Amino acid sequence: MNFFNAQITNVEFVTQKLIQLIGVKVNKKTISESLKNHPDYPSLLSISDCLTEFKIVNQGYNISRSDYDPEDLLFPFLAHCKEDNGKLLIVTHINDGIVTFTDEHNKSANITEEEFLKRWDGIALHAEKTAQSGEVNFWDNYLKFFLQGLVLPLGSLLVLSTLFFVLGSASFSWPSVVLCLVKFLGLCVSILLLMQSINSNNPLIKNLCGLGGKNDCNAILKSDASKITSWLSWSEVGFFYFAGSLLQLIFNPSSINFLAWLNVFALPYTIYSIGYQLRFKKWCVLCCVVQFLLVLEFVNALGFGLFTFSFGLSALNFFHFVICFLTPILIWAFLKPFFLNAVQLAPIKEQLKKFKYDSNLFNQVLTNQPRYAIHDDLMPITLGNTNAENIITMVSNPVCGPCSKAHKSIMNLLESSDDLRLNIIFSTNNDNDERTKVAQHLTAYGNVNSQQETENILRYWYEDSLQYKQLAEKYPLKFNGEIAQALEKQKNWCDIAEMKFTPTILINGYKLPEPYGVDDLKYLVI
């Protein structure tokens, strides 16, 4: 069981596995992010769009029982089943009446063809690798995700190393070492309880609480008995106790006798906690571990004879005590609102995503604006399907950084759809301005060369060069006064249409409204 990762969903697994089977290099985390960012996740559409994003050709089929012939099927393919609200399987082979498949629970399993046909509703998705398939910056992202995965183990190793270094100092006795380890374990469990109080869906907490059949951490930790007040829980008190006493022990080892007596005052809580769980016959694994550690502290103090009054009640010791216990309280008071806001924000973002990517709402907001016609005499650069129903117009500035980013996103859109046309017009100032020279050069080149050649010069300009001299040397071109007139018309058109910023994007003549951006269009116009 992987305690630190959320259980992978069916849609995530089959998409990752399918991409792996066809031999395309895409990081698993990138796939998961692409799927979860889709407004229709989890669905076959989200999978199809995810595959398209990585330039993997894919096609969906609906095969009736009468048309079914295993010889006609292309493997591997995703099979949409009737159970579990549309569970997906990856079918790798069908031979001699035996279907071989894989899913998140089965690495490789076999069922009879008859059983498969009972489960399968006939919907299939097949994907094929092309020369362009794969994740952009695969190795950069791989290294990033790898380093992110090292944060927890290396952080834990650093904390443990520091702890053992401190424990190895001459001022620490065996009773102090044992107590310090118990306090450290208590602190770790308390942090897990705090994580649960913030987000009960945390994968680590769910896995730990699921170790036994009768465990129900939520029932215990969400009950009224788990709180002292509406704003303070026993989990937080436990964190303050273990963190504060651990700091006290590290920085003032001579206070070990005082901490032993402090533990005595904490013991009644074990009776309260265990009694409550016994009464309702529901158990919280983490809570029980805390009670065990509190009792273990008492046994340690009893065994080493720590229940004495040999500790000094000086002003300095009192100051140490206040600082050590106040530190975790202040840290948690500062961090808690951020954690709560982050968890509360996640479902709101999901709700807003559904609202934002509602195509009917988008079209209504889009068309409730003035519509601007793009006439041929403007001589825009045209890419994509010239007969497409959906026309994207990009008002660009050749020396604009955001325009470069928008151009790249729109080019990815064009590659993903056969029903898109892109018009590029430029917002310029005067003939002596460098951006005007670049705009004239690009416009002239786009009107006399093929789309592929035009894409090449645009890619070169926006991605590799921002110097007109380099552009003119690499793509030499002579153009007449007609281009200058076209650029003047484009400038006048921009003034009339009140194009105040670049890039400005229009969809079928309507300005792309706030809060939509270029990257949102793949969910709305494709």
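Glycine too: its Cβ is placed from the backbone N, Cα and C atoms.
Taken verbatim from TrEMBL:
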DOMAIN    7-127  domain 'Peptidase C39'
TRANSMEM  145-166  transmembrane segment
TRANSMEM  172-195  transmembrane segment
TRANSMEM  231-250  transmembrane segment
TRANSMEM  256-276  transmembrane segment
TRANSMEM  283-309  transmembrane segment
TRANSMEM  315-335  transmembrane segment
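Highlighted: of the candidate stretches 231-250, 256-276, 315-335, 256-276 has the greatest count of Cβ pairs under 8 Å to the transmembrane segment (283-309). Residue counts for the domain 'Peptidase C39' (7-127) under DSSP (helix as H, G, I; strand as E, B; rest coil) come to 44 helix, 36 strand, 41 coil.
Long-range contacts of the transmembrane segment (256-276) within the same chain: residues 173, 175-176, 179, 220, 223, 225, 234, 241, 245, 248-249, 287-288, 290-291, 294-295, 297-298, 301, 306-311, 317, 321, each at least 6 residues beyond the stretch ends and with a Cβ under 8 Å from a Cβ of the stretch. Distant neighbours of the transmembrane segment (231-250): 166, 176, 179-180, 183-184, 186-187, 189-191, 193-194, 196-197, 221, 256, 259, 262, 266, 269, 273, 290, 320-321, 324-329, 332; these residues of the same chain sit at least 6 beyond its ends, with a Cβ under 8 Å from one of its Cβ atoms.
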